[in-house]
Amino acid sequence: MACPVQLGFQDAASPIMEELTYFHDHTLMIVFLISSLVLYIISLMLTTELTHTSTMDAQEVETVWTILPAVILILIALPSLRILYMMDEITTPSLTLKTMGHQWYWSYEYTDYENLCFDSYMTPSSDLKPGELRLLEVDNRVVLPTEMSIRMLISSEDVLHSWTVPSLGVKTDAIPGRLNQATLMTSRPGIYYGQCSEICGANHSFMPIVLELVPLKHFEEWLLAML
């Protein structure tokens, strides 16, 4: 989860988020190099007193500044496309979780099991226990197993929502009348927080998401207690 005064990403807890973090660093390095070069050229132009007025065109320079941006765009596009295809890759899921957005709460259904569904509302500040997070805790957490492929089916009952968990690199729109799909796989157990990331009305800020990722054995014990 995020920490106070944090400037970077949250710690990655899924392979997709790790790839997104690497891509961010890769792109930021390219942007930094380009910005440094531009600032260096501008400083030279402002400080030098020499001018070259006899040259009307420079074929070599024009060739370089045409090819170089194309190469830079390719260096950015290739890893971006790779991650895009990884995020859209469909594998045989071990578990399917259907998520519905409402104004202003989430409902979840474990479609592989009968009668296993519940609503998840934000815990009011007056009901928080010591150590719990304001505006991020819910009355019913989503419990999922780690290191297993989980298919998320996401839609909405009313207006646009967006189911987002930053640590897992998941952000999928919940659109009324449309069923969107996302694949979720975590590399380690823990509690991960998210929020609705699409303006959906007056209480948009009060739609937290809490995932509790546990080993398979503990997940099976939770299932037995819920069924």
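Note that the numbers count up from 1, one per residue, in the order the chain is shown.
Yeah, the Cβs are placed from backbone N, Cα and C, and that goes for glycine too.
Taken from Swiss-Prot, the feature topological domain 'Mitochondrial intermembrane' covers 1-14, 88-227. Per Swiss-Prot, transmembrane segment is recorded for 15-45, 60-87, and the stated evidence type is similarity to another entry. Feature annotation from Swiss-Prot assigns topological domain 'Mitochondrial matrix' to 46-59. Annotation source Swiss-Prot lists Cu cation A1 binding site at His161, Cys196, Cys200, Met207, citing similarity to another entry. Among the features that Swiss-Prot reports, Cu cation A2 binding site is placed at Cys196, Glu198, Cys200, His204, with the record citing similarity to another entry. Residues or ranges marked as Mg(2+) binding site in Swiss-Prot: Glu198.
For the transmembrane segment (60-87), same-chain residues at least 6 beyond its ends with a Cβ under 8 Å from one of its own Cβ atoms are 15-16, 19-20, 22-23, 26-27, 30, 34, 169, 182-183. Within 8 Å of the centroid of the Cβ atoms of His161, Cys196, Cys200, Met207, where the record puts Cu cation A1, the same chain has further Cβ atoms from Gly101, Gln103, Trp104, Trp106, Ser162, Ala174, Gln195, Ser197, Glu198, Gly201, His204. Counting every protein chain shown, the Cβ of Glu198 (Cu cation A2 binding site) has 18 other Cβ atoms within 10 Å.
Cys196 (Cu cation A1 binding site) is surrounded by 25 other CB atoms, counting those within 10 A of its CB over all protein chains shown.
Long-range neighbours of the topological domain 'Mitochondrial intermembrane' (1-14) within the same chain, counting only residues 6 or more positions beyond its ends whose Cβ lies under 8 Å from a Cβ of the stretch, are 20-21, 24, 133, 136, 166-170, 184-188, 190-193, 213.
Least crowded of the binding-site residues (Cys200, Met207), judged by neighbouring Cβ atoms within 10 Å of its own Cβ: Cys200.
Taking the mean position of the Cβ atoms of Cys196, Glu198, Cys200, His204 as the Cu cation A2 site, the remaining residues of that chain whose Cβ falls within 8 Å of it are Gly101, Trp104, Val159, Leu160, His161, Ser162, Ser197, Ile199, Gly201, Met207. On the 0 to 100 pLDDT scale, the model's mean across the topological domain 'Mitochondrial matrix' (46-59) is 74. In the three-state DSSP assignment, the secondary structure recorded for His161 (Cu cation A1 binding site) is strand. The DSSP secondary structure for Cys196 (Cu cation A1 binding site) is strand.
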